[in-house]
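K.L.:
Sharing a structure below in structure tokens format, with a few things to ask.
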Amino acid sequence: MTWSERGYQLPRRHHQDATYSRKVFIGGLPPDFDSAKLVQSFQGCGSVRAIKKPGKGHAYIILESNDHVKSLLSRCQRSVSGDFYFSIVGRATQVIPWAEQDSEWGTEFTSPRTNTIFVGALHGQTTAEHVKIIMEDRFGQVRFVKIDTDSYNYPNGSARVQFVFHESYCAAINVNILRVVTKDYERNIQLEPFFEKNIPCSRRCGSMSSVICRHYLCLQYFCRACHRIHQNQQSENRDLHKPIGLL
Ligand SMILES: [Zn+2]
Ligand SMILES: [Zn+2]
């Protein structure tokens with residue numbers, strides 16, 4: 001299944017009062033540009049650490065604080081669409097900050113946390129609102145989205161999405177791989193059941209669950225032993241009843 005931006009643009013959020021992650025994406029670098037040169041280029045922005053893999057045209061820089069990110073952005077040129085550009089060796093490199101406000105959308109229902117999927121292989125600039133728009137368009141009403149982040153509160157490529165209806169949750173898991181085509185990128189994102197801890201095994205065996213059966217008509221919580229029995233009871237499509245969770 002594919003979701004495409006089809007002519008309209010996913011909203012770009014320019015928060016009036018954003019709190020930015022200290023980690024900032026820098027794109028459009030010469031591939032031979034190394035970390036030392038990067039640090040030098042941003043030396044007017046306080047203490048800077050650079051993370052760059054050799055041969056890549058992009059990098060991350062770690063600044064001291066949200067205020068340092070704002071100060072960097074104030075030195076950038078803005079394009080008509082609001083993108084930030086910083087001149088490095090006469091080249092306009094793109095500076096993409098992450099506003100922490102973009103990590104979450106909506107209000108999660110947690111008692112219990114139902115109808116929730118895990119989304120993997122997300123593109124780094126996908127905001128929670130983007131995920132909400134994409135999921136809602138394909139599967140139905142969304143209640144909550146949380147983009148998972150690292151110790152810098154910067155996206156790490158996964159999220160969880162809570163749907164309002166069980167049907168949406170099942171449909172998303174049945175699809176499993178959703179191709180997302182936007183103006184800026186194409187990605188196959190992965191949709192799996194979100195494994196919630198501390199749920200008793202659905203066979204009432206007394207154990208806590210360690211897996212969830214991935215078949216979109218099951219999606220039940222099991223301990224390892226009961227899942228094995230459950231899987232053995234399937235006469236066909238046993239592979240579709242694979243366990244997801246604490247393996
Ligand atoms: Zn059990
Ligand atoms: Zn099953």
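Each residue, glycine too, has its Cβ placed from N, Cα and C.
Those TrEMBL annotations? Automatic predictions, nothing curated.
Pasting the feature list from TrEMBL:
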DOMAIN    22-95  domain 'RRM'
DOMAIN    115-196  domain 'RRM'
K.L.:
DSSP on the domain 'RRM' (115-196): how many residues come out helix, how many strand, how many coil?
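P.N.:
Computed counts for the domain 'RRM' (115-196) are 22 helix, 35 strand, 25 coil.
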K.L.:
Going by DSSP assignments with H, G and I as helix and E and B as strand, what are the residue counts for the domain 'RRM' (22-95)?
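P.N.:
Helix/strand/coil tally for the domain 'RRM' (22-95): 19 helix, 25 strand, 30 coil.
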K.L.:
Mean pLDDT for the domain 'RRM' (22-95), rounded to an integer?
P.N.:
93
